[in-house]
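**Student:** Just dropping this structure here.
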Amino acid sequence: MTESSSARRLAWLIFVLVAVAMFGNYYVYDSIGPVTDLLQQQRGFSDTQVGMLNAIYNLPNIVLILVGGVLVDRFGAARMTLWTAAICLAGAVLTAVSPDFTGMAAGRLLFGIGAETFGIATLAAVADYFSGRDLAFAMGLSIAIGRLGSYAADMSPTWFDSAYAQGWQPPLLIASAIAASAFLASLAYWVLDRRAGRQIKAAAPARQAEPFVLRDLLHFGRAYWYLLALCVLWYSVIMAFRSTFSIKYFQHVHGMDLAAAGAVNSYVFLAAMFATPAFGWLCDRIGRYAPLLALGALLLPLALAVMALSHGSLWLSTALIGISFSLVPAVMWPLTSRLVAPNRFGTAIGLMWVVQNAGIGAANLLAGWLNDRAGASAQNPAGYQDMMLFFGITSVLGCGFAIALWLRAGRRAHELGHQAGAATST
Ligand SMILES: C[C@H](NC(=O)[C@@H](N)CCCCN)C(=O)O
């Protein structure tokens with residue numbers, strides 16, 4: 001076996017471990033939704049308390065992820081994946097075994113503190129081991145496996161029906177067991193990284209741990225700031241609409257029942273599992289990041305317009321959202337690794353996710369307020385127009401930043417081909 005083929009095997013072995021860890025992390029993140037009803041029936045939790053179990057995940061991250069990103073650059077992806085997987089495991093166990101709401105909320109808080117930094121560390125791990133040719137494919141595949149974790153959590157009432165029949169606790173203990181497997185995979189990754197990793201890390205320049213200086217943020221090029229703006233605007237719309245309001249909107253405006261509305265929503269997730277790595281692969285092959293990103297960003301306002309203006313079947317708008325939901329993440333994260341120096345990748349993502357978390361929170365609040373103000377309901381479907389207008393304007397702005405990035409790429413191609421040896425066309 002040649003040195004490069006054994007290096008490739010090791011890189012893919014590490015990828016499998018990181019992907020198992022990501023699956024577990026996304027599963028635990030989405031494990032509260034399916035037990036909501038049981039928590040309300042058996043423990044008497046209110047809607048606000050259940051909402052708090054998810055909101056408390058985002059709250060610390062509005063500040064903490066930047067620190068997490070800096071720590072990833074300082075201590076390396078493998079060590080931070082291991083530490084944060086341990087924090088996530090502790091959080092998942094505390095959530096599952098706590099006798100009261102306060103203990104469960106503390107568990108979710110702990111999980112949230114670990115989970116977003118874990119997300120940065122795992123993206124950095126993939127960037128460490130995959131160079132230009134496979135980078136977008138490997139990142140797309142790892143995100144897809146994370147989405148599979150979310151999908152598995154949504155399907156868990158069917159797959160683990162006997163656990164759900166026993167009450168709220170067994171499903172959360174299953175989530176803890178999955179968090180434990182994520183921790184073991186992170187431990188194995190850390191061991192492998194220490195033993196052999198240094199020889200084979202991608203052709204990219206190695207990360208040199210350097211102290212963080214606030215001034216470094218100013219050295220990110222203009223293309224990075226356009227990407228950050230797109231990240232905030234696009235994720236705010238996609239998360240607030242798809243995860244919070246879409247099912248209700250499909251029921252009230254398009255006359256669907258709950259099962260049909262949920263199915264339409266889940267097709268987007270399902271499609272993303274296959275399409276995200278496929279788009280990553282395409283991106284690696286043609287090396288044109290900026291136009292693909294602009295296309296993905298453009299499809300979101302188009303999908304919303306089709307949805308709001310037509311009353312026929314939702315297949316076209318669902319397909320457009322599905323492509324956007326797959327294409328934008330498949331391009332955005334590998335592109336970020338090209339826009340900044342390797343030893344600032346964690347910091348760059350951390351900064352993007354700080355603003356992204358705040359944006360998603362604000363978009364959820366504003367959309368809910370617009371619906372309440374207009375009295376949106378099944379009896380008053382027109383009441384959803386303001387929300388759709390808000391999502392439409394926000395996504396058009398996001399698309400504007402994607403186009404600005406593309407135009408910038410034409411003039412400053414080197415900014416988008418940062419990695420040595422990477423395909424530099426944009
Ligand atoms: C890779 C990207 N992740 C994020 O944007 C995270 N800030 C949020 C992840 C939430 C589930 N753990 C993505 O999933 O597209």
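Including glycine, each Cβ sits where the backbone N, Cα and C put it.
Predicted automatically and left uncurated, TrEMBL annotations should be read as such.
Worth saying up front: this structure is predicted, and the values here are computed from it rather than measured.
Found this in TrEMBL, in case it helps:
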DOMAIN    14-410  domain 'Major facilitator superfamily (MFS) profile'
TRANSMEM  12-29  transmembrane segment
TRANSMEM  55-73  transmembrane segment
TRANSMEM  80-97  transmembrane segment
TRANSMEM  109-130  transmembrane segment
TRANSMEM  173-192  transmembrane segment
TRANSMEM  223-241  transmembrane segment
TRANSMEM  261-282  transmembrane segment
TRANSMEM  289-308  transmembrane segment
TRANSMEM  314-333  transmembrane segment
TRANSMEM  345-367  transmembrane segment
TRANSMEM  387-407  transmembrane segment
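Please situate the listed features within the shown structure.
**Tutor:** Using a Cβ-Cβ cut-off under 8 Å and counting only residues 6 or more beyond its ends in the same chain, the transmembrane segment (55-73) has close neighbours at 29, 80, 84, 105, 108-109, 111-113, 115-117, 120-121, 124, 207, 209-210, 212, 343-351, 353-354, 357-358, 360-361.
Within the chain carrying the transmembrane segment (80-97), a Cβ under 8 angstroms from the stretch's Cβ atoms is held by residues 18, 21, 25, 28, 31, 53, 68, 71-72, 103-104, 106-115, 117-118, 120-122, 124-125, 169, 172-173, 175-176, 179-180, 182-183, 185-187, 189-190, 346, all 6 or more beyond its ends.
If one looks beyond the transmembrane segment (223-241) by at least 6 residues along the same chain, the residues whose Cβ comes under 8 Å of a Cβ in the stretch are 249, 293, 297, 300, 304, 321, 324-325, 328, 332, 335-336, 339-340, 348, 351-352, 355-356, 358-360, 362-364, 367, 391, 394-395, 397-398, 401-402, 404-405, 408-409, 412, 415-416.
Within its own chain, the transmembrane segment (289-308) is flanked in space by residues 136, 230, 234, 237-238, 241, 279, 282-283, 314, 316-318, 320-321, 323-324, 326-328, 330-332, 334-335, 338, 385, 388, 391-392, 395-396, 398-399, 401-403, 405-406, 409, 416, 426, which lie at least six positions past its ends and keep a Cβ under 8 Å from the stretch.
Note on the transmembrane segment (314-333): residues 123, 136, 139-140, 143, 227, 230-231, 234, 238, 242, 250, 254, 264, 267-268, 271-272, 275-280, 283, 289, 292-293, 295-297, 299-300, 302-304, 306-307, 349 of its chain, located 6 or more positions outside it, place their CB under 8 angstroms from a CB of the stretch.
Sequence-distant neighbours of the transmembrane segment (387-407) (same chain, 6+ residues past either end, Cβ-Cβ under 8 Å): 223, 226-227, 229-230, 232-234, 236-237, 240-241, 245, 249, 290-291, 293-294, 296-298, 300-301, 304-305, 307-308, 363, 366-367, 370-371, 374, 376, 426.
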**Student:** If you average pLDDT over the domain 'Major facilitator superfamily (MFS) profile' (14-410), what do you get?
**Tutor:** 90
**Student:** State the non-local partners of the transmembrane segment (173-192) in its own chain: residues 6+ outside its ends, Cβ under 8 Å from one of its Cβ atoms.
**Tutor:** 10, 13-14, 17-18, 20-25, 27-28, 31, 78-79, 81-82, 85-86, 88-89, 91-93, 95-96, 125, 149, 153, 156, 160, 163
**Student:** Would you mind listing the long-range same-chain contacts of the transmembrane segment (12-29), meaning Cβ under 8 Å and 6+ residues beyond its ends?
**Tutor:** 57, 81, 85, 88, 91-92, 111, 115, 118-119, 122, 125-126, 129-130, 138, 141-143, 145-150, 152-153, 175-176, 178-179, 181-183, 185-186, 188-189, 192-193, 197
**Student:** Sort out the residues at least 6 away from either end of the transmembrane segment (345-367), same chain, that have Cβ-Cβ distances under 8 Å to it, and list them.
**Tutor:** 55, 58, 61-63, 65-73, 77, 80, 116-117, 119-121, 123-124, 127, 207, 212, 216-217, 220, 224, 227-228, 231-233, 235-237, 239-241, 244-245, 333, 336-337, 339, 387, 390-391, 394
